[in-house]
Amino acid sequence: MIKITFPDGNFREYEAGITGWDIAGSISPRLQQDVLAAGVNGQVWDLHRQINEDAEVKLFKWDDAEGKHAFWHSSAHLMAEALEELYPGIKFGIGPAIENGFYYDVDPGEGISIKDADLPAIEKRMQDLAARKETIIRRDIAKADALRMFGDKDDQYKVELISELADGTITTYTQGGFTDLCRGPHLPNTGYIKAIKLLSVAGAYWRGDEKRKQLTRIYGISFPKKKMLDEYLELLEEAKKRDHRKIGKELELFAFSQNVGAGLPLWLPRGTQLRLRLEDFLKQIQKHFGYQQVITPHIGNKNLYITSGHYAKYGQDSFRPINTPQEGEEFMLKPMNCPHHCEIFKITPHSYRDLPIRLAEFGTVYRYEQSGELHGLTRVRGFTQDDAHLFCRPDQLKEEFCKVMDIIFIIFKALDFKNFEAQISLRDKVNREKYIGSEENWERAERAIIEACEEKGLPAVIEYGEAAFYGPKLDFMVKDALGRRWQLGTIQVDYNLPERFDLEYTGEDNKKHRPVMIHRAPFGSMERFVAVLIEHTAGKFPLWLTPDQVVVLPVSERFNEYAHRVAKELNQRDIRVQVDDRNEKVGRKIRDNELKRIPYMLIVGENESREEEVSVRKQGEGDMGIMKITTFAELIEKEVDDMISAWRKDYQN
């Protein structure tokens with residue numbers, strides 16, 4: 001008998017060779033119907049894979065990320081099976097599950113192309129194959145046999161992948177007449193897949209290398225129920241309306257120019273207003289929490305990034321070194337701000353009394369993203385991080401972690417991100433050799449993160465083995481208005497850079513000690529955060545943040561002078577106002593400015609100019625009546641002050 005322990009600490013004994021499917025059935029028929037994969041000692045397994053020794057087991061359903069991953073991974077294989085039947089001789093690259101669905105990179109063959117118009121036929125074949133409920137079979141085979149199998153099919157992409165694997169056992173999965181190289185896990189059979197939609201076709205270079213062949217990437221989504229697919233497609237339509245690229249253009253927030261370069265956004269005046277207000281917002285909070293603002297160059301000596309290890313990590317994703325007239329001197333566009341902050345820390349000797357030291361910077365960094373990976377503001381080549389690095393004593397770690405969490409909570413509340421969750425990434429329970437830093441420091445850091453979450457009442461999922469080699473971390477995932485998950489805000493403990501840069505402080509014992517370093521970026525990057533904020537709010541930003549709070553609309557040209565006088569009076573009270581004095585009918589002006597998401601419209605005509613008043617319309621609410629200019633100004637000032645005081649109160653308590 002073997003002992004199976006469940007997440008709640010309870011356990012049961014089973015015969016050796018039991019499977020996740022059998023365990024689910026022993027608990028309840030409904031669970032067996034819903035379960036998609038099994039977690040066995042921290043690894044995700046197929047449901048029919050045998051468990052032969054004591055294990056910690058967790059059963060994953062659709063609502064679990066691991067369940068969706070297995071479902072969508074099997075859907076990618078189902079698509080590949082359909083493609084192989086429809087396009088004999090097709091070759092396969094990789095076909096993973098992704099955050100929302102799956103894709104497969106394929107090579108249809110010389111002179112053959114797969115277009116969007118072909119997707120319905122592929123979809124239909126997938127549905128037919130799914131209806132057969134083909135069993136998905138996992139096999140372990142020798143590397144030589146795998147090379148021979150895929151070599152006989154002349155599938156050079158799979159042969160290349162297999163050749164790079166270590167000698168030993170290779171895992172394949174078979175369903176019907178289709179076999180693929182894969183680690184898994186997968187569903188028990190194709191019949192679980194009830195609803196399928198292939199979404200788009202794109203190009204993708206083999207292994208992300210622009211010098212290699214461009215393959216055809218087919219994206220899809222699938223669900224266990226048709227109703228789920230219908231809801232998802234409705235969500236997609238709403239997401240298209242909220243696309244930050246579309247709204248950013250409509251609101252004149254940012255743009256791109258091929259003359260400047262792909263992936264290098266240009267912030268237009270209205271977008272710059274928005275971004276600067278976000279930066280000022282965070283600077284105010286950071287000032288309260290004792291941060292010091294710093295500025296570092298956009299470039300650094302290549303040796304700096306060799307010391308930090310970033311050159312080895314980002315070398316392939318960086319722009320080429322900048323050579324100077326001096327022989328042997330090379331500079332790099334900055335891929336990260338942390339090496340520069342380490343150098344700032346080193347400039348001045350520090351005592352234990354000086355710590356913690358908190359250095360903050362809105363620092364622009366550069367990484368070369370392939371053209372096919374660029375996407376609006378979410379994937380760019382130059383972006384600004386709201387970076388800060390804290391240098392503290394080990395005994396200060398928990399307190400500093402809590403304070404950073406407070407900053408993130410204030411930001412989420414102020415910007416109406418009400419639904420968020422967290423993940424704590426800790427070391428592997430068994431394999432500890434790859435981690436830098438002492439056992440004592442790691443235990444202290446991991447305990448500090450867990451206790452900080454408990455003290456703040458933050459529910460957090462603990463993931464073992466997900467920590468970076470240099471320290472544990474806490475990631476925040478927010479749900480936007482459409483229910484999509486975005487990673488915003490990371491707090492990372494680092495024992496690596498203090499070692500690499502030989503950072504030290506003098507302790508109470510008069511000896512030299514290494515500080516603990518904490519990386520944190522609540523926004524992540526300004527570009528990506530603004531993109532998420534646009535899509536979350538559909539461009540209807542909070543009144544304190546929006547670039548233009550008010551627009552004045554004269555009903556005809558003869559009231560332009562009065563409209564500009566109203567705007568001047570509001571401007572003098574720091575209210576952000578524009579005048580729309582185009583020679584258009586007022587109805588057209590109202591419609592146009594509603595599309596610009598400007599919160600308040602002030603309509604001025606004969607009566608308003610004579611009485612020194614304005615007719616007020618509020619975005620989404622309509623007519624608010626006629627007011628004196630000063631009355632309206634006081635109204636908008638109070639609305640803004642109430643918003644700002646709400647989040648100021650959070651950090652001043």
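Here the Cβ of each residue, glycine as well, is placed from N, Cα and C on the backbone.
Remember, predicted model here, so these are calculated numbers, not experimental data.
The annotation in Swiss-Prot ties His389, His519 to Zn(2+), and of the candidates under consideration, Cys338, Cys402, the one tied to the same site is Cys338. Annotated Zn(2+) site Cys338, His389, His519; additional same-chain residues within 8 Å of its Cβ mean position, judged by their own Cβ, are Met336, Asn337, His341, Cys342, Asp387, Ala388, Gln492, Asp494, Leu497, Met517, Ile518, Arg520. Mean pLDDT, taken over the region 'Catalytic' (243-542), works out to 91 on the 0 to 100 scale. For the domain 'TGS' (1-61), DSSP puts the residue distribution at 14 helix, 25 strand, 22 coil.
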